[in-house]
Amino acid sequence: MKLTSLMLRRCVTWPLCNDSCCSFCLKRGLWGSHMHDTFPAMEDPSPRVLLYILRRDARLSDNPIFHAASATLNLNTSTKPVHTSDTHIRNDSFLPDQDFPSFTHLLPVYIFPSNQVEVSGFLPDPAMESPYPKAKSRIAGFWRTGNHRAKFMAEGAWDLKEKLRGLGCGSDLQIRVGKTGEVVENILQWYTEEKNAGRSIVDVAGIWMTADEGQEEKDDEADVQRIASEREVAFKAWADEKYYIDNRDLPLKDIADLPNIYTTYRKSLEPLRSRPRPSIPAPIQLPPSPPQVPPQQHPFEIPTSREGLVKALLKPLEDDPSHGLPCPPQWPPETKSSHPFLGGETAAHERLRHLISDGALSTYKETRNGMIGIDYSTKLSGFLAQGHITARQMHWAMTDFEEGRGPGAQIPDYGKGENNGTAGVRFELLWRDYMHLCARKFGNRMFHLDGIQDSSKTRKSGDVEPDDSHHEQRSPHKRWKGVHQSGDLGDTPERTREVFCRFRSGRTGIGLIDAANREVFLTGYTSNRARQNVASFLSNSSHLGIDWRVGAEWYEYLLIDYDMASNWGNWQYVAGVGNDPRQGRVFNPVKQALDYDPQGEYIKAWVPELRQLPLMKSVAMNKQEIDEQKLMGLYQAWRLGDWDKDRLGLRGVEWVESPLIKIQFSVSRGRGRGGSEGRGRGRAWRGRNRGNERGKTRLEVEKQIANVQIADGTGG
Ligand SMILES: Cc1cc2nc3c(=O)[nH]c(=O)nc-3n(C[C@H](O)[C@H](O)[C@H](O)COP(=O)(O)OP(=O)(O)OC[C@H]3O[C@@H](n4cnc5c(N)ncnc54)[C@H](O)[C@@H]3O)c2cc1C
């Protein structure tokens, strides 16, 4: 709904002041006298706009800024809880202490930042040039945001737009593209010019945004703060509240005190279940959008539909459909994505409700290492990364279930307190918090070749760190093959690029790695188990030994759930330059496949060339068992016999005949199932009998690499 100037003359807070708590009146000592329709003696006050810049906080519920914007107008008397526990009283009482600017209108603006998301698709004419450099990664030159995440982000922004409009109080979300500071500058400039020209009476009263951890985000925030200060507009960066434990409740005086080992950090916070703050309900009313809204800055144009928005974001990416790969993976017939979800707050809460009411969270501990299907893990990471949902909302939904409130009454664990599954999810959510605190502690070292290992570079809060993250630095202990320069390992950059290209195409010849790389390319998602194997395979010197940062950049491009801290932190961890207390471990992707894909279903789903390989053999009348030899051929196709290669049409195929790596691995008869699966993050397997799904086999690594431990299980 648009406000007309006639309406404004009646009351600037129209249509909100329909009762006795109108803040417009309150702030002017007019409480009780407000018959706004008969307010003629009052001089026209200028509409005062609060600008809210949104980035990774595209949600209405559990959003402190929307909450505050609503509450300062005293409109939050009735709110819409998302979960029963949302009705818990929020105890941080942040509102009365704050010196908020007085405002009558709220202008929420969601920005697609041009350094992270390619925005040239918003140019109305393909002949026009974008004023911004292409949003490509520093080392390998990939698009920084690929098609999967771009679409997910657009869906999230659009969902919020519809939610705001749906409040029916004149609220709306504006979508803009460009450099964050420039977008803000343009908005302020436009209002100033309109006012100077007598076309507007709008004043900008303040700018709010949510702080974020990455250096780029901090730079954007600093830009906005500077612009606000130059124009004497109040600025506030709100704490990012999408994490499990609120920043204000951290047991750290200084970020430098963050332990470098997750377990130490976790133990300082247990029991985790008692830690999160209550979440904040969604406001049911907000100040309306201002009567005049500045347009998108030239030369870009913002589409007026969700489909148009997605199209504009995908256009530049689709102009390069192979993503630089001569043989990009093709969607295998009948295989389904494990992540078919639309982005946005609505979809996030639907997903959470489904997980609770289907009991998937209760069984999480047993299923989380799965690789096929939708419900083996929460698949909430993408929503969390974009701020469509918060970790504490997940916590409170689980708490409701544990305490017998809300959905899930038919599940046996309902009302029986915390169970292994819900505790497991909380454990992982704390991992996410921890990664983001590591990003705060180590700053740009998250992007360094030698990782966060050099503790002398740890910064104190407030320290400014020079941005030398793009320099290829040599770790004193480790060396990698570079895609631009030799790593002095007898490699050439040309050959490394060729190998990396085969890796990205899912054509290494190692079944688990190829399946995972094809899956993530086609869907934007792959399981934690698969990610660990892929990262280890790329970065470890006993496998490809390639600069792990190009792997992290490739994931940044592909992942729906890309999150700077979680992505770079996990890559470092697996590459052995992060905060893994037991460095030097390697995932053996054949053993991992045997443990986590014992029937080869995952590999067959994503590598259809191997589907027709029969894995069962008859051992007695009516008795079949897995043919170990064929299974090994599925895990590494070079091990297939000529007969199978011919039958599958794989003779002469490069990844079959010339795999990038041959892993010597055999299965021999042994004493049966032994050892427990273990829950640690990277439990080392030392060749002892640890059993597997099928049991009755003893696994042996045939001297794969001297002095290398083979990682078996992980957390994360
Ligand atoms: C090389 C590599 C790169 C990764 N990149 C990302 C990334 O960019 N973004 C991202 O969110 N996760 C990343 N992860 C962590 C993890 O793989 C994903 O969070 C998880 O697979 C997402 O699926 P889910 O939501 O079903 O997770 P669940 O198993 O359901 O876990 C619940 C939530 O806990 C958090 N979580 C779980 N494991 C981790 C972990 N190891 N580190 C941090 N948070 C975790 C996530 O927010 C997740 O949504 C990466 C892991 C590896 C090994």
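Heads up, residue numbers simply count up from 1 along the chain you see.
Each residue, glycine too, has its Cβ placed from N, Cα and C.
In the record from TrEMBL, residues SER377, THR378, LYS379, LEU380, SER381, ASP561, TYR562, ASP563 bind FAD; the candidate from TYR364, TYR596 listed for the same site is TYR364. Within the same chain, the residues at least 6 positions away from ASP563 (FAD binding site) whose Cβ sits under 8 Å from its Cβ are SER381, LEU384, ALA385, ARG432, MET435, HIS436, listed in sequence order. Checking the recorded positions TYR364, LEU380, TRP480, TRP548 against ligand 1 with a 6 Å cutoff on the Cβ atom leaves LEU380, in sequence order. Checked against TYR364 (FAD binding site), the recorded sites TRP480, TRP548, TRP571 differ in C-alpha distance, with TRP571 being the nearest. Summary: among the recorded positions (TYR364, TRP480, TRP571), the fewest other C-beta atoms within 10 A of the C-beta are counted at TYR364. ASP563 (FAD binding site) falls within neither a helix nor a strand when secondary structure is assigned with DSSP, and so counts as coil.
Between the CA atoms of TRP548 (site 'Electron transfer via tryptophanyl radical') and TRP480 (site 'Electron transfer via tryptophanyl radical') there is a gap of 8 Å. Around LEU380 (FAD binding site), taking its Cβ as the centre, 22 other Cβ atoms fall within 10 Å, counting all chains.
Helix first, then strand, then coil: DSSP counts for the region 'Disordered' (272-297) stand at 3 helix, 2 strand, 21 coil.
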